Amino acid sequence: MIIKQMKYYKKYNIATAIAFFISSMFITSSLFLLLSNSSIKNNGESNMTLIFIISFGLTFITCSLLSLSIMKLNLEVRRADLNERRLLGISHKQIFIDLLKEQLLILMPVFILGFLSSILLNSILVKELQVKEILDLSFKINLSAASIFITMICGLLFLIAVVFISTRGYKQLLVSDLNSEKSSKKTTIFKLAFGLGFIAGYFCLITFTRAEVIYLFGGIFLAVGIFILGDILVSWLMKVLIVIFKKNYFSKIIFANIKNNIKKITPMLFIITLSFALLNFNVNVIGKMGIANPENPELIKYMQGLNFLAVYLNIVIITFGLLMIINSLIMYSTFVKNINDDLRILGFTKEKILLKNVSENLAILLIGVIFSFLGSYMISIIWNDQESLKNWIIWVCCYTLLSGIFISIPLINFLISKLQKNLTA
């Protein structure tokens, strides 16, 4: 039964496996660096201790949030199947156990691969840091039995916790379908209270406080607020747009699709907002500290270490962010396939449906751009932070990359369907 489930949902399990691989590689990599630095007997590398602690902490938080988000998305696609199993009399406990076993079967081999990859990644990182004279040539990755054991246990416990927490959340999918009338009002009140609280906290932080750390915490506050309240805000916006464009059937379809699939879109908006907030902090705070020219020569290595930290975290965020966005778009295209089939029956050409899909994706991207702009570059504008404002080209490049991804997914689906038709003809 479990193997059949894995095969049936293999497309989505691949994304989960990649997420596990990235998490295990970066978490064990950062933990190896921290343990290796701690095992040095002299104080020659003490200036890097804080760098490695921050690296491990932020990597842990980033991987936790993004892994939970991608697991939640991949469970969403099983909503109908899970409801059918409950209607057939299968208990919540049995469904949970089956899902847990399936995810753990995916996790174990992927974790080992990620662990081994972290050793290779660290050898490259250490060599690069030694070339730049940030680390002494005597620095070596600690591959003792104790270090390997601690790293494997910590990494494995983290991923098992992510699997356990996200899998337990499957009940919410059933509640929303089987008991929606009772839970809807309570859920809305909860979301409004906590979501507005985080968003209000964000505006208070950027209005009444001017400290560079707000680039991080302000963006996180906004991202969490969007994660909680995003579906309600975007749903209200789509209702308004449907009324405004009520005479334009093409536009109404786009806005109605977004509104009806908002729960699949909200995690995508969250990841875009969070990624840009973290990227903004790394570029404009950690990166800026890393290129500073301290009067005390002893701080030079520390500043260079901060620069390394910014680059390392940017790699983690961009890698995970791109995976999350691509996976979300593929899932979203699967959800709207039935709607596209109905449009074909109504006489829409494949080219017009492609235009609809591209326009729909760009509308979602525009919402994500607005949220991410609020949590990153807008803070620099409000504070008139000239140094940060000079980095506008970074954001233009990021948004251009996202636009290419959002356009390419429906285009690739269109070309694949056309190729399949030609092959079967």
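Every residue gets a Cβ built from N, Cα and C, even glycine.
Residues or ranges marked as domain 'ABC3 transporter permease C-terminal' in TrEMBL: 55-167.
Annotated transmembrane segment per TrEMBL: 12-36 (among others), in sequence order.
According to TrEMBL, the transmembrane segment annotation covers 48-70 (among others).
Annotation source TrEMBL lists transmembrane segment at 104-125 (among others).
Residues or ranges marked as transmembrane segment by TrEMBL: 145-167 (among others). Sequence-distant contacts of the transmembrane segment (145-167), counting only residues of its own chain at least 6 positions beyond either end whose CB sits under 8 Å from a CB of the stretch, comprise 20, 23-24, 27-28, 31-32, 35-36, 39, 60, 63-64, 67-68, 71-72, 75, 96, 99-100, 103-104, 107, 111, 114-115.
TrEMBL lists 188-208 (among others) with the feature transmembrane segment. Long-range contacts of the transmembrane segment (188-208) within its own chain (CB-CB distance under 8 A, at least 6 residues past either end) are made by residues 214, 217-219, 221-222, 224-226, 228-232, 375, 378-379, 382-383.
Outside the transmembrane segment (214-245), and at least 6 residues removed from its termini, the chain residues within Cβ reach (under 8 Å) are 188, 191-192, 194-199, 201-202, 205-206, 251-252, 255-256, 258-259, 262-263, 265-267, 269-270, 273-274, 276-278, 280-281, 284-285, 367, 371, 374-376, 379, 388. What TrEMBL lists as transmembrane segment is 214-245 (among others).
A Cβ distance under 8 Å defines the sequence-distant neighbours of the transmembrane segment (265-286), meaning residues of its chain 6+ beyond its ends; these are 58, 62, 65-66, 69-70, 72-73, 212-213, 215-216, 218-220, 222-223, 226-227, 230-231, 234, 258, 306-307, 309-310, 313-314, 317-318, 320-321, 324-325, 328-329, 332, 364, 367-369, 371-377, 379-380, 385, 387-388, 391, 394-395, 398, 402. The annotation transmembrane segment is assigned in TrEMBL to 265-286 (among others).
Residues annotated as transmembrane segment in TrEMBL: 306-330 (among others).
Summarising the annotation, TrEMBL assigns transmembrane segment to 362-380 (among others).
Residues or ranges marked as transmembrane segment in TrEMBL: 392-416 (among others). Long-range neighbours of the transmembrane segment (392-416) within the same chain, counting only residues 6 or more positions beyond its ends whose Cβ lies under 8 Å from a Cβ of the stretch, are 272, 276, 279, 283, 322, 325-326, 329-330, 333, 350, 354, 357-358, 361-362, 364-365, 368-369, 373, 376-377.
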Give the one range among 12-36, 48-70, 104-125, 362-380 whose Cβ atoms make the most pairs under 8 Å with those of the transmembrane segment (306-330).
48-70
Between the transmembrane segment (12-36) and the transmembrane segment (104-125), are there at least three Cβ pairs closer than 8 Å, leaving out pairs fewer than 6 positions apart?
yes
Please work out the mean pLDDT for the residues of the domain 'ABC3 transporter permease C-terminal' (55-167).
82
